[in-house]
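For reference, the structure discussed in these notes is given below.
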DNA sequence: CGTAGACACTTTTTT
DNA sequence: AGTGTCTACG
């Protein structure tokens with residue numbers, strides 16, 4: 001148990017707390033995960049059966065890491081700890097008990113993602129004969145979500161309510177469940193069904209919660225019920241890092257928990273991440289928020305550190321240039337690209353910086369974007385698998401019935417759907433009965449045969465890795481991609497290969513028959529997000545929104561585009577509540593930095609195609625320390641002429657090249673294809689001059 | 001059925 | 001400015 005000795009006093013106090021409700025207020029970088037895992041390990045050491053401990057997190061990644069750490073600390077029997085995301089926990093409950101609910105769900109229901117949900121909303125709008133221009137699918141989906149999870153009393157318009165009902169009916173008729181339902185139905189089972197409630201209230205002796213500040217109303221109610229009997233709720237969170245209010249996180253849950261459970265509080269404010277000038281700025285900034293349930297002042301033993309660098313540029317373009325220049329200097333000082341993150345308020349801002357980094361040949365990765373399982377080809381493949389697995393999955397059948405193209409158009413699909421509805425059978429079964437002209441009918445019958453062939457092939461399989469090759473050839477999907485022969489079709493083939501390796505790994509993880517393994521794998525995929533993968537292997541500068549890096553840390557952080565209207569965002573200026581959330585986002589940003597923090601903005605910027613004036617974000621002033629020396633704008637016109645026309649160079653990323661021209665400190669260099677001509681800073685560390 | 005051009009939108013998004 | 005979605009036409 002020597003890991004107990006590695007804890008500081010407040011961490012230890014939390015870990016050995018004898019039970020009963022406890023709120024651990026864990027500031028940024030104060031060893032939150034360490035405390036939580038130590039607590040689980042401690043409970044196990046104290047003789048609590050691992051299977052009687054439930055710990056909930058928000059991301060799969062957090063759940064997985066925590067489980068690995070607990071196993072490291074206490075041995076393999078820690079496998080039995082129920083360590084899940086909220087949604088995965090809900091899924092566990094629903095797979096066992098959903099048939100009790102009066103909605104006609106079977107244990108084999110399918111979990112749909114956000115995009116599928118939007119597609120259904122959009123189909124319902126069309127089905128009801130409404131003018132699709134009158135509705136925003138995105139807005140409606142979010143209204144439906146608000147209503148379902150009790151965050152909105154009623155719909156303002158009766159047609160909105162009709163769409164909601166249509167959506168809900170569609171889900172139920174097709175055995176589909178969305179992310180909201182995973183939590184809502186779980187709560188419903190725990191609330192309305194006494195035996196189920198009692199079962200789970202007594203199934204766990206301890207319930208632990210990570211990132212408590214991000215829980216919403218439904219999640220809180222679930223926790224409240226689970227903890228009602230034994231009261232052993234160990235809750236870790238930082239109200240100052242609550243930045244998902246827009247998504248339903250209820251800032252008041254912290255106060256509610258303290259009150260409802262009369263919980264004790266332990267504050268962790270010893271920081272192990274950042275130097276103190278950085279922490280002071282964070283402390284100063286967040287002190288501007290009035291609504292703070294537990295105040296704390298972060299301090300570390302890491303010394304004063306480097307002063308924060310504030311920088312103003314004349315234009316958005318110059319701001320990117322400044323950042324690129326600083327990055328190059330940092331690399332010369334011995335930092336790795338991997339140590340550096342460029343953080344911004346919204347995804348659209350990534351583009352400018354991306355362009356500048358490309359121009360300079362700096363390797364980078366952008367967080368976010370389309371996640372792997374949202375890619376078209378992946379969703380297509382999964383849809384095929386689902387339909388072959390269960391022919392009555394109309395929603396997924398619609399997706400792939402004409403992919404690859406089989407001349408089954410919208411009209412034919414609509415007719416098939418109507419026929420199915422009329423006869424009260426699935427679309428798949430309706431293929432035999434639908435009345436269509438020769439070509440369409442023939443294509444449908446061919447499609448039906450493909451699905452039947454697939455099913456037959458599946459029945460013969462023992463392992464998941466056998467699945468993809470058969471799928472790709474029988475459906476004609478691979479032929480389609482090969483025929484297309486474009487850059488994007490190559491990407492798509494790569495992604496499908498990646499899916500193949502997902503299944504191959506599934507063979508190791510899961511046990512049982514082919515179908516048992518397949519269903520577990522599909523469940524895992526349904527709750528997967530891209531944040532779950534590790535992206536630390538390569539040496540890259542990271543570009544991300546503040547939201548995307550919550551929980552991460554970097555030696556160097558650039559907080560860019562710190563301009564009023566962008567950060568804080570225009571839409572947040574109207575309400576104190578939202579403004580305080582914006583400030584918490586900035587707080588999260590500052591506290592990501594370990595050694596050096598840069599805060600930059602520009603006076604002129606292109607916004608939606610128009611040049612706008614930029615004013616410094618109030619967060620600059622609010623976080624700025626009196627001791628800071630104001631740093632004036634500096635220009636970077638250097639003329640060192642390290643390279644001249646005709647020189648041969650070797651670049652870390654682009655390989656061999658020849659200098660075409662040199663203008664000031666920018667060299668134009670021709671590299672071999674596929675890289676071509678690049679404009680690079682001649683002093684860039686990735687470039688080496690070589691003798692030909 | 002497929003696609004060119006009009007037009008509409010643009011905060012953050014752990015599941 | 002850039003991108004995704006809808007509509008009208010061949």
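Including glycine, each Cβ sits where the backbone N, Cα and C put it.
Pulled from TrEMBL:
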BINDING   A:26, A:27, A:28, A:29, A:30, A:31, A:32, A:33  ATP binding site
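Shown here: features listed in TrEMBL, placed on the structure.
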residue: A:26; record: ATP binding site; contacts (Cβ under 8 Å, 6+ apart): A:32, A:35, A:236, A:237, A:238, A:268
residue: A:27; record: ATP binding site; contacts (Cβ under 8 Å, 6+ apart): A:238, A:240, A:267, A:268, A:269, A:271, A:296, A:298, A:591
residue: A:28; record: ATP binding site; contacts (Cβ under 8 Å, 6+ apart): A:238, A:240, A:241, A:271, A:273, A:282, A:298, A:587, A:588, A:591, A:592
residue: A:29; record: ATP binding site; contacts (Cβ under 8 Å, 6+ apart): A:271, A:272, A:273, A:274, A:298, A:300, A:553, A:591
residue: A:30; record: ATP binding site; contacts (Cβ under 8 Å, 6+ apart): A:268, A:269, A:270, A:271, A:272, A:298
residue: A:31; record: ATP binding site; contacts (Cβ under 8 Å, 6+ apart): A:7, A:8, A:11, A:268, A:270, A:272
residue: A:33; record: ATP binding site; contacts (Cβ under 8 Å, 6+ apart): A:62, A:65, A:66, A:69, A:210
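Neighbours of the ATP site: apart from A:26, A:27, A:28, A:29, A:30, A:31, A:32, A:33, residues of the same chain with C-beta atoms within 8 angstroms of the site's C-beta centroid are A:35, A:238, A:268, A:271, A:272, A:273. DSSP assigns residue A:26 (ATP binding site) to a strand.
The local packing around residue A:32 (ATP binding site), expressed as other Cβ atoms within 10 Å of its Cβ over all shown chains, amounts to 22.
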